[in-house]
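Student: Please see the structure below; I have some questions.
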């Protein structure tokens, strides 16, 4: 491991708020640019939503990975980054920041801990998120993570079960296909008359329906559930034309999206656009020395995918150098050259 260089006063160069793919890659870019950093992540593990909600979901649109499990992508990003030894603070939520007289930034967490750095990078995704629920089902919290789920964290939870999936977007379609051969039976319910997910996956779902591998109910909503104590037994469906039906179910998988909330970040006085932080072409916010990258950053033409977040991270770290080390000439070093030098140095010190 190449330990990061810390200034004589012990203050790190950059604090990265958020430990998802964007935040992890930002830490790697710090290492590539010879600046020290820390990641502060509110969850108990790195990876953001990929670790918390979709560890077994496969991702197909990250360059260089024809197909990769979400957890595998997080592992690869960290393996790439850990050589630089960034400080990682888990289970801490940053609630406020203050720009000090000397231009440094101090952040405060919900538990009262404070951290100081030369600059600040927001990589907090969409902020805090909570799953959308079906109000007609009332309080189903006692069933959550037992028979009602909002994400697939472990396929074994659905093995040999009668699974009803609600939703018509990418996650619902992906797991309809992904749980075939795992669940005893898969039933997909969507309130619209057509799917909103990726066309290729939608065609796979249509083909599975035609072959009898799954059941699909369009223009249909879940109206109620049957319980035996605290055990799910069945789901009641109601079509738009009023026709009702009952489907046996051991598991109800609600994949109808998440509600995001910037939380305390919304009160930081930053310029906001559509619940995201506005940045310029250098990923700088309206506050000098404070940058944003990934889903939390907004600029014209922004595409909210992992690949874009990684690019944002590289751009933000690169341009943060002008604030962290004012007056110094920024030199670009190709990764192949830098790694060759580091490996040579490691070999000499072994």
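Each Cβ is built from the backbone N, Cα and C atoms, and glycine gets one as well.
According to Swiss-Prot, the protein carries these features:
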BINDING   22, 41, 49, 54, 94, 129, 295, 336  FAD binding site
Student: When you measure from the Cβ of residue 295 (FAD binding site), which residues in the chain that are at least 6 apart have a Cβ under 8 Å away?
Tutor: 22, 125, 126, 276, 304, 309
Student: Is it possible to get the count of other C-beta atoms within 10 angstroms of the C-beta of residue 336 (FAD binding site)?
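Tutor: If we count other Cβ atoms within 10 Å of residue 336 (FAD binding site), we arrive at 8.
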Student: Please state whether DSSP places residue 54 (FAD binding site) in a helix, a strand or coil.
Tutor: coil
Student: Just to be sure I understand the packing, how many Cβ atoms besides its own are within 10 Å of the Cβ of residue 49 (FAD binding site)?
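Tutor: Summing over all protein chains shown, residue 49 (FAD binding site) has 19 other Cβ atoms within 10 Å.
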Student: If H, G and I count as helix, E and B as strand, and all else as coil, what does DSSP give for residue 336 (FAD binding site)?
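Tutor: Reduced to three states, the DSSP call for residue 336 (FAD binding site) is helix.
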Student: If you count other CB atoms within 10 A of each CB, which of 54, 129 wins among these binding-site residues?
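Tutor: Going through 54, 129 one by one, the largest Cβ count within 10 Å is at 54.
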Student: Within the chain of residue 94 (FAD binding site), which residues six or more apart in sequence place their C-beta under 8 angstroms from its C-beta?
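Tutor: Result: 17, 40, 42, 107, 108, 109, 264.
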Student: Let me spell it out: for each of the binding-site residues (22, 41), count the other Cβ atoms within 10 Å of that residue's Cβ, using every protein chain shown. Which one has the most?
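Tutor: Answer returned by the neighbour count: 22.
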Student: Whole number in angstrom, please: the longest C-alpha to C-alpha distance across 22, 41, 49, 54, 94, 129, 295, 336 for FAD.
Tutor: 38
